[in-house]
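Report on the structure given below.
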Amino acid sequence: MENTLGLEIIEVVEQAAIASAKWMGKGEKNTADQVAVEAMRERMNKIYMRGRIVIGEGERDDAPMLYIGEEVGICTQPNADQLCNPDELVEIDIAVDPCEGTNLVAYGQPGSMAVLAISEKGGLFAAPDFYMKKLAAPPAAKGKVDINKSATENLKILSECLDRAIDELVVVVMKRDRHQGLIKEIRDAGARVQLISDGDVGAAISCGFAGTNIHALMGIGAAPEGVISAAAMRALGGHFQGQLIYDPEVVKTGLIGESKEANLERLSSMGINDPDKVYDAHELASGETVLFAACGITSGNLMQGVRFFHGGARTQSLVISSQSQTARFVDTIHMAGQPKTVQLH
């Protein structure tokens, strides 16, 4: 799967990032997201595959495209029987976030990206649109830190695993009222906190790379993005754990349903019978082969954002494979239109 789809998915996230970047700084987050969705879907439908969206832009009734359950790829088109050989057909599950950090794009802030993860059919956890408690850490701390331990305990473990003083550690936390206690505990333990307004996928992945100066991600964010982060961290060999949050009181919002009871019923209907289960990266991205791809929209810790020039754009992307255990950064020049002839007099 890596050999056939690796380059293709890079182009998918590149096209989404370029489309969204044209709306950078214009204050229109919905448009920045919409054009990314359209560009991503258009490029996906040119790939020789039968793909199914398991994490996307929402339920079918709420999203016109890249909705959960939508099929994409050449082999899902009306004339697929003429184009695709069933014996060669690649069936995959896809998790997408065409514009991770819509507010970041709208206001010209760093860290937004177009991201996706793919695996063979059944290889990605179809997370509900709930919140998720998350813990990400570098490979050296894999299996040693634990989401059920306090932040103070985990920082001591991180310090030992990384051979760094606690006051040298940087923990990324989303700037939300629900995290006030967590932020205080991290600071009281002696570590430093980097607050972000949106986009925790990039923060989670940064834990997997040396030199990013990010040593952990802690706190509660969106569950679908947790699966995408887990896919990348599994391939990187980093630590990732997630636990679904189904009680609106925990996050002080009704976005995950009106009541704890209703949410428990919804989880049960999805076949999730242990709502308090802590998932690791291999459970959230369980496929034999997992591929992750991202392209910077605005510049961040890992990647440069889209840079436009007359007649084209330059992008920086990242593709991570669990199969080959590689992470490749790809620098691409996109040339649009016909070159102009310069006449000298």
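Using the three backbone atoms N, Cα and C, a Cβ is placed for every residue, glycine included.
These numbers come from a predicted model, not from an experiment.
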Report task. For the Mn(2+) 2 site, Swiss-Prot lists D97, E100; sort out which one of E225, E249, E261, E265 goes with them. Result -> E225
Report task. According to Swiss-Prot, E100, G101, T102, R176, D177, R178, D198, G199, D200 bind substrate; so which of Y67, Y131 is the extra one listed there? Result -> Y131
Query - D97 (Mn(2+) 2 binding site) - helix vs strand vs coil (DSSP) - result: strand
**Report entry** Neighbouring C-beta atoms (10 Å sphere around the C-beta of R176 (substrate binding site))
**Finding:** 17
Requested in this report: Fill in the CA-CA distance, D33 (Mn(2+) 1 binding site) to G199 (substrate binding site), as an integer in Å.
Outcome: 13
Report task. Quick one: pull the CA-CA distance for R178 (substrate binding site) versus E225 (Mn(2+) 2 binding site), whole Å only. Result -> 18
